[in-house]
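Listed in TrEMBL:
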ACT_SITE  B:Glu480  active site, for hydroxyacyl-coenzyme A dehydrogenase activity
DOMAIN    B:334-511  domain '3-hydroxyacyl-CoA dehydrogenase NAD binding'
DOMAIN    B:514-609  domain '3-hydroxyacyl-CoA dehydrogenase C-terminal'
SITE      B:Glu121  site 'Important for long-chain enoyl-CoA hydratase activity'
SITE      B:Glu143  site 'Important for long-chain enoyl-CoA hydratase activity'
SITE      B:His468  site 'Important for hydroxyacyl-coenzyme A dehydrogenase activity'
Amino acid sequence: TIYFLSKTLAKPNVKNIVLVDGVRTPFLLSGTSYSDLMPHDLGRGALQGLLNRTGVPKEIVDHIIYGIVIQEVKTSNVAREAALGAGFSDKTPAHTVTMACISSNQAMTSAVGLIAAGQCDVVVAGGVEFMSDVPIRHSRKMRKTMLSLNKAKTLGQRLSLLGSIRMGHLMPELPAVAEFSTAESMGHSADRLAAAFGVTRVEQDEYALRSHRLAKKAQDEGLLSDIISFQVPGKNIISADNGIRPTSMEQMGKLKPAFVKPHGTVTAANSSFLTDGASAVLIMSEEKALALGYKPKAYLRDFVYVSQDPKDQLLLGPTYATPKVLEKSGLTMEDIDVFEFHEAFAGQIVANLKAMDSDWFAQNCMGRKSKVGVPPMEKFNTWGGSLSLGHPFAATGCRLVTTVAHRLQKEGGQYGVVAACAAGGQVFLPKYTYAQLARADTEYSRGATVQVFLVHSFGLFSVHVLCMKMTMCKSVQKHF
Amino acid sequence: MSSSLLARTYANYEIKDGVAVIRINDPNSKVNTLSKPLQAEMTEILEEIWGNSAVKGAVLISSKPGSFIAGADLNMIQACKSAEEVTTLSQEGQKMFDKIEKSPIPIVAAINGSCLGGGLEFAIACQYRLATKSKKTVLGTPEVMLGLLPGAGGTQRLPKMLGIPAAFDMMLTGRNIRPDKAKKMGLVHQLVDPLGPGLKSPEEATIQYLETVAIEAAKNLANKKLSVKKEKGLVQKLQDMVMGLPFVRKQIYNMVTKKVMGQTKGLYPAPLKIIECVQTGIEKGTTAGSLAESVNFGNLAMTSESLALRGLYHGQVACKKNNFGSPARDVKNLAVLGAGLMGAGIAQVTVDKSVRTILKDTTVEGLTRGQQQVYKGLNDKTKKKAITSFQRDTTMSFLTGQLDYRGFDQADMVIEAVFEDLNVKHKVIKEVEAVIPPHCIFATNTSALPIKEIAAASKRPEKVIGMHYFSPVDKMQLLEIITTDKTSKDTTASAVAVGLKQGKIIIVVGDGPGFYTTRCLAAMLAEAVRVLQEGVGPKKLDALTKGLGFPVGGAALADEVGIDVAAHVAEDLGKALGSRFGGGNVEVLKTMVQKGYKGRKSGKGCYVYEKKSKDKKVNPGVEEILKNHKSCTDVQYRLLSRFVNESVLCLQEGILPDPVQGDIGAVFGLGFPPCLGGPFRFVDSFGADKLVQKMHRYEEVYGNQFSPCQLLLDHAKDSNKRFHK
C-alpha cells in the first residue's frame, strides 16, 4: 500500500498545479440579508477573505478569473470590479468567464491552463452569483425607440418617436425562464429525467433530506471552514449559510410539484434554491507555492468537459464525465475517496446514480461495454450539497473543489472527484450541459522544500493585450 | 398485486394495484386498428373487468410507440356488400362505446401516438383522457377525408364535449390535432411529457411513464380525489348560453352548410351528412342522432366518392414505400443546381430532414433569392410555432449557398433545377460530371424534357434519373420519378429513398415526352385553350373545371404553371406525339408569351395579378387575343376525357407501371378531383363504355384528339375489366 499511496499522477513536462486554499461567503437564500448589494460586492467579499486567509502578497498574483451567470450590465467584467474593490493590485489583469452553473469551474480550469502553459504562476479564480437582483429590461420595441430617440435631431422627430410608444412597449422583458434551444425550463427537464430513470418522489425527498441533514451536521461540527464572514456594509456580519433546513419526509411530502403538474415529482423542497454567494480559490504552480512557504491543500490534476443533447440529457453530465476523467488518469471508481457532485435537483442526482448503475444506459447511450459504477454513498457529498447549502450558480464550482480538499484532509483520503452539470436553479437556465471535473489528489507528505523562482509579474503579452483594449475603446468611441 | 389472465391476441390486461391495465397490440400491423377481433377481445376483457369487484378502475393503453388506435379497420368496411351491413358495424361500435361511457368504474384512455377516427371515438367514450406530448401523438376525426363520418358516436359526443363550432371544425376538416391544442379544446384532460433515454429506450420509457401516470389518475378518479368535471370559464359559459338558443344554432347549421357547399361545390356528400347527424343529435336527442349517424355511415360507405377517397388513401400508403430495395449508399450530401423557385424548394425540403445540402446558382442575386426562400419557408413554420427559432437556425445550418462547384466532390446526389433547355442541361451535366465522385447520382428536375435526351450528354447514363417535383415544392406532396432504360435499379432506389425522406408521395414512371403527369395535363390544357377560343371566358372555364372538383381552375392553373412553360410543353409534345395534342391553337399561348403574359410570375396571364387583391381580374389583353383566334356544354367532359384518355394511354404504353400510381400522380400532382379518385378510378366508376361513347361523339366534332386509346376501348367492350379490383 505504500507504493499505492505514493502513486503520483504527475505528468511529464507538465507543471504540478496546486490548490493553496479556498474560501466562500456564506450562501444565503436570495432576497435575504444580501438583497441590497451588487454582485461585485459579494465577489469583493470572497476575494478579500482569500487575501486575509492566505496572506498572499497582492503583487504576486498574476491573474484573476471570475465566473458569473446572470450578469449585472454595469459590472460586466465583474472580476475586475471585485478585484479592485478587494484591494488587489490594479496592475493585475482580471477577466470574467461564463459557462452556466460551472462558470467557476471554468475559471479554475482556465487558471490551470494559464499556469500549465507557463503564462502565470499565481492565479485567483472564483465566481459569484447574485439572484436578489437581476437585469429586467425594457422590451425590444421600447429599446429600439429609445435608441432612435438618441439619434433624433429635431424636436419634431423626437416627438413623433415618443408618440409611437404604445402600451405594448412598456411590457418588461424578464431574463429567460427557459432553455434557449429547447424552450424547456430546467426544473421541467429534471422532472422528465427523474421519470426516465424511474426516480420516485420519495427517493427524491429522501435524498434532499439527506443533503440537509448532512449539511446541518457539517455546519454544527464546524466543518464548513471554507466560509469567511461577510460584513454587509452598514449592517450585520453574516457568518453562516441560511438555507439548511432539515425537516421531515412528511412535511416535504406535502408540497405540490413545482414544474410538471399535476403528476410531477420535482418540488421546491427537492430542488436547489435561488442563492446569493461568492467563492474564490488561490491556485499556484507547486514550485511557486512551495517557494512562498505554503502548504498547499491539493493537487489539481485533471479535468474533462463533456456536452450532451440539451433536451433529454441536460443534467446527465456527471455520468458521462466521471468515467472519462478516471480513465484518463488510470484510476477506477474504487480509488476515489471523496466524491463531491453538484446537486441541482435531488431527482437529477438520483437519476445520475441510476444511470451510472445501468448497463443499458452505458451500452446504449455511452458506447461502453458495461456500467460506470456508482460512487458509494458514504463517500458522496457527506457535508451537504447544493440542495441544502445553496447554489449561487457561478460560485458552486469553487465550493466543490475546496470541499473535496478539506474532506480529503479531514478523512485522510488520497483522491477526490468533483462533478457538476451545468444546471441552473429553478429559474435561470444555462445553454448546454457541461459536466466538469477537477481531480484533486492530496499527497502532501513531502516537506516544503523551498525553491526560489523568479517572479514574472507581467508578461509582455498581457500588457500588449491591455493596450490593444484601450485603442479599441477609442476607435469604438470615434465610430459613434 | 398483479395477475395476468387468459392470453389474447390483440389486447391483454393485468391488474396493477386495483387498476386493470388494458394493453392493445395488434401483432400483424405497425398500427392498431379497430378491427372485429380486437373489438371482440375488448368486449370480453371489459366484461371480465366489470365482473371483478377488486378492480376499481381501468387504463386503456397501446403497447406500440407510435399508435394508440389509428382508426377503424378499413378492410372491415370494404368487405361489406351493402349499406345495411355497414350500418350494423356502426351500431355495434356505438353499443360498445355506450357501454364504456356508462362504465361503473372510471376508464382512463392513455394516448401515445395516433388516436384517430374510431380510436378517438373510443377514447372520448372513456371517462378520462391522458395524452403524451410526443410528436407522434395526434388526435382527429379524418373520416371526412375518406368520404365517411365518425360512425361510432363521434358526431354525438364531440359537440357535447367541445361545443358545436369546435366539433364541426374538427369533423369537417378532419385535421390532426396536436396534444397541446387538444388540451386547450378540452379533448384531453392531462398531458404527459415524452421522456429521453433512461433505463430503457425513450419510446419504452415514455409508454411506461404514461401508464404509471394513468394508473394514478384511475385510482384518484375511483377514490374521488380527481374530478372530471371542470369549472367552466366565463367564455365557455357565455358560449354555452348562446348555443342554448335554437335560433343561434340554426344560424350555425346554415352557415356551416353554406361554407361546406362553397368549398366542396356539393361534390362531397360526407360533410353535409356530418352536419345532419350533429343537428339531429342536438335537436332531437341522442337516440335519433345515433340512428342518423349509423344509417348515414352505411350510406356514405357505398358512395363512389368514399370509394374514390379510400382508394386514394390506400394508394398514398402504397406510394410511400420504396419498392426498389434499400440503396447501396445513403445520400448524406446533396447538391441542388439552380436556386430558382424549384431548386430552393428542393433544398428546403432536404435541409428540413437534416441532410447537408449545397444550393448552387450562377449569380449572387439568384442565390440570395433562393436562400431567402428557404429561410422564409422555415421562418413561416416558426411563426406558426411548428418549430422553434432554434430549430429553424439549426436546420438552416445544413444549407450552403455558393456559386462554384466547391464540395461537389463529396456529393452523393446532384439534383439540377436549371432552365428547361436541352443545351443548358447538357452543359450542366458535363460540368457536374467533371467534379462529382463516381457513385454520385445525377437527377434532373424537368417537367417535360425526355430524360434519355438529357442523359445523352452523360458519361454514366446509369446514374441519371428524372426527379420531377411540383411547385411549390414544400407544399405539393407528389414526386414523379422518371427512369430511362439505362437507369440502374440502385439509382432508382436512391432517388426514391431521398424523395421519401423529403416526405414525398412517389410515383415511378417510364421515360417519354412529358412522362406521365405533364402529358395528361398538356392534353387537358390543350382542350382548355380550345374552350377559351370558343368564347368561354377564363372565369367560366375555371368555374367549370372547379365544378368537376379540380382545386384550381384550368385558366388559373395555366397561369400558375406559367404560360411560357405551357407553350413550350404544348409545342414539344405536339411535335413528339402528333395531332392528338391538338385542340387549342398553340399560337394563342405563344402570342400571350410575346406580349409578356407569362402567368402569375409576370403579373399577367389569363388574369391580372395585383398584390393584395384577392379577386383576380381577367386580363383584357387576353380577351383580345382570344377574339382573334375564334374557332357548348360538355366542356367538362371534353377536358376530363382528354386527361383520362392520356392517362390510360400512359398505362397502355408502359410509361405508368400501374393504375394506382396513375391515380396518385394525377390527384397529388395535378389536382385531379379527389372525389373521382383519379383517372383510372373514374373510368371504373363512370364506366369505360359510357366514356368511350362520349369520346366518339366529340371525335366526330373535333377530331382525333378524342380517339379513345386501345386499352380504354378494351375496357369499354368488356365491363368485367376494371383498373381497380
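Heads up, the Cβ atoms here are built off N, Cα and C, so glycines get one too.
Considering only the recorded positions B:Glu121, B:Glu143, B:Glu480, the Cβ with the fewest other Cβ atoms within 10 Å is that of B:Glu480. Assigned with DSSP, the residues of the domain '3-hydroxyacyl-CoA dehydrogenase C-terminal' (B:514-609) fall into helix, strand and coil as follows: 67 helix, 4 strand, 25 coil.
The average per-residue pLDDT of the prediction over the domain '3-hydroxyacyl-CoA dehydrogenase NAD binding' (B:334-511) is 95, rounded to a whole number. A sphere of 10 angstroms centred on the C-beta of B:His468 (site 'Important for hydroxyacyl-coenzyme A dehydrogenase activity') encloses 25 other C-beta atoms.
B:Glu121 (site 'Important for long-chain enoyl-CoA hydratase activity') has B:Glu143 as its nearest neighbour among the recorded positions B:Glu143, B:His468, B:Glu480, going by CA to CA distance.
A helical conformation is recorded for B:Glu143 (site 'Important for long-chain enoyl-CoA hydratase activity') in the three-state DSSP classification. Distance from the CA of B:Glu480 (active site, for hydroxyacyl-coenzyme A dehydrogenase activity) to the CA of B:Glu143 (site 'Important for long-chain enoyl-CoA hydratase activity') is 28 Å. In this structure, the CA atom of B:His468 (site 'Important for hydroxyacyl-coenzyme A dehydrogenase activity') is 5 Å away from the CA atom of B:Glu480 (active site, for hydroxyacyl-coenzyme A dehydrogenase activity). Under DSSP, B:Glu480 (active site, for hydroxyacyl-coenzyme A dehydrogenase activity) is assigned to a strand (E or B) in the three-state scheme.
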